[in-house]
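Each remark here refers to the structure printed beneath this line.
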């Protein structure tokens, strides 16, 4: 399904391979150790963040990565988690998850142009007056948005280069810190200085977003094979990129410096361990890392909108591709959101987006378990080697962590997120009304035949899951799925839509 007859054919577009996809997942989740400094201060010393980056990847990151690997290989489409939730719970829930996750991603992306300028300013660097700073944020956002427009393969290759550059100073830092490390410093903790809300928000933010790359699955070469490899490669890279610099910095500096560990402190660590040259190198790496983070997040957010448009959830204009194969209007929509939200403070953004993201992930984990129960025989090229009960148990630790983070949120965060969810519900019914009135063009699912059943039987549910996957794979290369007419695809797992709501103004094939 495509947004325009002039869209470049899927086979002619350059596709992502394993290494660029690893780099994009790395930047979706991490981007390097920049931003973990706050966990030392909020944890009252090195002990809690060291334990956190040892334990939480197993309890949180790995389950999310495993779920992403399994479902992205079963549904290799740009709709990503929106397709999973739709297959499990129907289009209304899927739309709301898509909206909240897009909002949290856009909120997250608003950080990076600002952080880029912050790192350039730190240590007596480039400082701009407020009007010039706002202009610089706009220029940076426009320049990075243009790179996204030019093609996902360029973004992937640039992310690969940025990964190497962003991590390179920490190799030097670790080597120079090694003789100064005192392991006892890793056990330091000042219980009175512990800020649980700040600690959990910092850890959660630095270890989430594994599922974001699933919205790029439709742009991946042999996604059923490539995606699981890339996800597991990225897990190792992310954990190493956090833990090794953290152990080096906290082990080499006195425990009394814990209160100094705020955002950007790794540049000061470089100064104290290696001198001014290492400080400048870390600052440059941090600034460039923020560019990589922006590119990866923008790609995931914009291709998610493209996938939702291909499912008929939002207007067809969001599925239009440029001559470079990128979703032009989806990119512009995401960039506009970034500019609007860039005035917020760092801590406000972190807490708001963690809560929003947590809401979406609770539904994603529920969808994963339900699809295991609903259709255990659905072909999954990568399948987590546990049964249905094991899959449910695996989801318990991340759900507990999400619930903890949400319970620690301020009243203001809860109110803001409730408003966002209410806006998502209103937007869903507004879009459905626009479909019925045919006000704008949609690529909507073809309604099921009159005699089709959408009851609650297991056979019907299994057929629904097969139909959604067949519909979403209709535009895959010939070696992955047999070619079929776009207009003939029946995506009945998305047919929580009424017959009038599923009327389509689909464009004819060229």
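Including glycine, each Cβ sits where the backbone N, Cα and C put it.
Now, the feature entries from TrEMBL:
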- 47-69: transmembrane segment (TRANSMEM)
- 81-103: transmembrane segment (TRANSMEM)
- 123-147: transmembrane segment (TRANSMEM)
- 154-178: transmembrane segment (TRANSMEM)
- 230-248: transmembrane segment (TRANSMEM)
- 352-371: transmembrane segment (TRANSMEM)
- 383-402: transmembrane segment (TRANSMEM)
- 414-431: transmembrane segment (TRANSMEM)
- 449-493: region 'Disordered' (REGION)
Top partner of the transmembrane segment (414-431) among 47-69, 81-103, 123-147, 154-178, 383-402 - counted as Cβ pairs under 8 Å: 81-103
Chain residues in Cβ proximity to the transmembrane segment (230-248) (below 8 Å; excluding those fewer than six residues from its ends, i.e. six or more beyond): 18, 21-22, 25-26, 29-30, 32-33, 36, 40, 46, 49-50, 53-54, 57, 61-62, 65, 68-69, 72, 163, 167, 170, 173-174, 177-178, 181, 186, 206-207, 210, 213, 220, 266
Long-range Cβ neighbours of the transmembrane segment (383-402) (under 8 Å; 6 or more residues past either end): 56, 59-60, 63-64, 66-67, 69-70, 200, 204, 358, 361-362, 365, 368-369, 372-373, 376
